[in-house]
């Protein structure tokens, strides 16, 4: 039987099984079924075990969702946690999109799924309550979120020394093993076009995983082949030199730091060098101190602040967490665990992460998600304090991007233009350093009657700015972000005229 026939049979059996409901995998997998029959039964049982029927406080939806663990190293007992949402319409025809957040050490469930582009957002309520996101990316694709590496969120290892060996290489390999095994669990999606997207330190994760898939596909068996078509990264850490240079320049240009501090950093820091002098560190400490009173990740957004009756602060308050000054292994913004909050006119809630952590630590939520099966000894958090060591991180991802462009993969880079951590200035410097030929220079793109941002089309790469968005573009500009992913997946240019 051909692979497409097997996948079709699995999908049909899957649908029939839900109609029958009571049929067990053991009954379906009899001695007379043969290898294919038992394979279908095992797949069916695994999918049924991961099916999320309903979450506490969830509004009714018509799409299916799944969550659970996929083992990536049996010897060490390493398993990564995922959450998967079928597309709202025609999931059998839509691509599969994997979303990764950065850190390193931060959860794609907490940021990506629950606060940016997933279908459900936890709300501030005494009882569990989820709000349906009208701009969820599962309107465009079958949407997969992964907590990676182990030690992040609900992902775990039974070998404690694994935590001390984490780095870019291990993360890419484990994520690749996850995908190979996940597609075995969901073979009906194996022939679909597959894309990877992410933000921040996923500027490392996404290209490295894409390159590993590209290389492994050359030697992989048919059952392990991954149908990778492209990648998209936003406000991405790409190159140490240009990222640091652009970060300082953006802060000065946007009136965050003084002339004197700007000149002090430029005088004492050579961002081309790996070693940092004491004078440079001192200057950068002064620079990061400024962001204790501002949201570095969205320059014009309010911070989550404590009320006068509850002035206690959390270890995860961005303003109170030391900010690494060099080599940029920096966790995305964490929000205060305080009751006080303010809202922007557009509805952005700077304390959204507080609601997410409260929701994800509920026992009934974890049971519904088939999560925390090992009963981890610490609460679920957006960014893991367990991941405190990082063994390898290349100074530049530009060589990897060149490889992927040369391989013919679709590559898009986007940038929210109010992010101070990996600002649009830094990304523009990085792409200039990449050295690709410009096909169409600085061009406005539109979302209805308004300018959504600007594009630069390179030979093999598309650069898109998103006007008024911070580090987490889908959080601040959800409509524009959904438009962006639709056009990326459709391989279409963004509209250059109002509509």
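Note that Cβ sites are derived from N, Cα and C of the backbone, with glycine treated the same way.
Look at Swiss-Prot and you will find 1-25 tagged as signal peptide. Sequence annotations record features per position, and here Swiss-Prot assigns N-linked glycosylation site to 73, 124, 158, 310, 372, 375 based on sequence analysis. Taken from Swiss-Prot, the feature disulfide bond covers 106-383, 269-280, 304-351. Per Swiss-Prot, active site is recorded for 200, 419, 471.
All features noted in Swiss-Prot, drawn onto the structure.
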residue: 73; record: N-linked glycosylation site; contacts (Cβ under 8 Å, 6+ apart): 157, 174, 177
residue: 158; record: N-linked glycosylation site; contacts (Cβ under 8 Å, 6+ apart): 76, 77, 78, 374
residue: 269; record: disulfide bond; contacts (Cβ under 8 Å, 6+ apart): 244, 248, 276, 277, 280, 283, 284
residue: 372; record: N-linked glycosylation site; contacts (Cβ under 8 Å, 6+ apart): 154, 366, 380
residue: 375; record: N-linked glycosylation site; contacts (Cβ under 8 Å, 6+ apart): none
TODO: Starting from residue 351 (disulfide bond), work out which of the recorded positions listed here (124, 419, 471) have their Cα within 10 Å, and give them in sequence order.
DONE: 124
Task: Integer Cα-Cα distance in angstrom, residue 304 (disulfide bond) to residue 419 (active site) - done: 17
TODO: Measure from the Cβ of residue 124 (N-linked glycosylation site) and count the other Cβ atoms within 10 Å, all protein chains considered.
DONE: 13
TODO: Find the one among the recorded positions 106, 124, 200, 383 whose C-alpha lies closest to that of residue 471 (active site).
DONE: 200
Task: Where residue 419 (active site) sits in the secondary structure, as DSSP reduces it to three classes - done: coil
Open item on the list: Helix, strand or coil by DSSP: which one applies to residue 106 (disulfide bond)?
Closed with: strand
- [ ] May I ask for the distance between residue 124 (N-linked glycosylation site) and residue 419 (active site), taken between their Cα atoms and rounded to an integer number of Å?
- [x] 26
Open item on the list: Under 8 Å between C-beta atoms and at least six apart in sequence, can you list the same-chain neighbours of residue 419 (active site), or say none if there are none?
Closed with: 235, 297, 298, 299, 469, 470, 471
Open item on the list: Test of understanding: give the count of other CB atoms lying within 10 angstroms of the CB of residue 106 (disulfide bond).
Closed with: 28
Task: Residue pair residue 200 (active site), residue 383 (disulfide bond) - Cα distance, angstrom, rounded - done: 13
